[in-house]
Amino acid sequence: MSDVSATSSLNDLFLRLRSSLAWVAAQFWATLLLILAGVAWTRLPDKHAWQVGLTLLLPILLIVVLLFVQAKTMRNLLSHVKGRTPLVIGTLMLLVWAAVVWLAWWALNWCDDQIPSWAGYLNSRASAHARATVFTYGHIQTWLTLLEWILRWIVIPAKVIPYAIASAQWGWRLPWRRLFGLLLNWRWWLAVVVASLIAVTLPIHFFSGIPHGTVAHQVWAVIFKFAGAYLQAVVCWVLLVAWAAVLFERGSTAAKEPGDDLLVLAPVHSGPLGEDSVRLPLSERSSDAGGNA
């Protein structure tokens, strides 16, 4: 049964990617263009007033375009459901979650600077035997660095991405039960761990070797390494967002869409049902009571 469910989930994943192929492709070329534009922005002169204005406006424009592409991709990977918020609001909601990530990373950067001090303090609090065997300065520093890496590349993405996808689709009216179900799903956490190892850890080994060969060979090697790291990061990001969309839809059987009430025909006057009637929401509790009766 689990094999059938896994196969069905993978089929759903590839169907969503194929149906959103245009925006999935935009993740590659649009992100690359934005990176190149960002590099060009660092080279802009500031001799004239219009150049200073362009220097100030270009980062804002790049952020808006990036968030728009991400919001549109997330909305296309999810099903077209009732209660979808306008695209402008969905894009602005992504800006909120981007600010949350920035604040979290700022805090982690501060913690990263404090790791040597914390390692020295914890090492000094251990016994003499423990300081020489287990709780050495090097061991404690390695453990704290690993903890910081897990928080940065696994915990924060696993927590923020589901909220960002839901906000791009529904704005402030989030499907909390489906969100909590996704955050407690071991498949989601496994996907985040694998994506982090491939997109973050693996590219580090591309640049760990000693350069050799001619200058032209080294230049092309660096270009290919950067291209490989870029493709790995974008592919992992797209697959992670699509997988979150799949798990969202899998959780829709246990929780309704926000504002998606069960509608039934109910008379409002003394006339026949088919003539004078409107659709009124029927709560789940009422429907269950009617079924039990």
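Cβ atoms here come from the backbone N, Cα and C positions, even for glycine.
The transmembrane segment annotation in TrEMBL covers 21-42, 48-69, 89-108, 150-168, 188-207, 227-248.
Taking pairs at least six residues apart, the transmembrane segment (150-168) and the transmembrane segment (21-42) share fewer than three Cβ pairs below 8 Å and do not count as touching. When each of 89-108, 188-207, 227-248 is scored by its Cβ pairs under 8 Å to the transmembrane segment (48-69), the top-ranked stretch turns out to be 89-108.
Within the chain carrying the transmembrane segment (89-108), a Cβ under 8 angstroms from the stretch's Cβ atoms is held by residues 63-64, 67-68, 70-71, 74-75, 148, 151-152, 156, 160, 163-164, 167-169, 171-172, all 6 or more beyond its ends. Tertiary proximity for the transmembrane segment (227-248) is limited to same-chain residues at least six positions away from its ends with a CB under 8 Å from its CB atoms, namely 9, 12-13, 16-17, 20, 24, 27-28, 31-32, 35, 73-74, 77-78, 157, 161-162, 165-166, 178, 182, 185, 187-188, 191-192, 195, 198-199, 202-203, 206.
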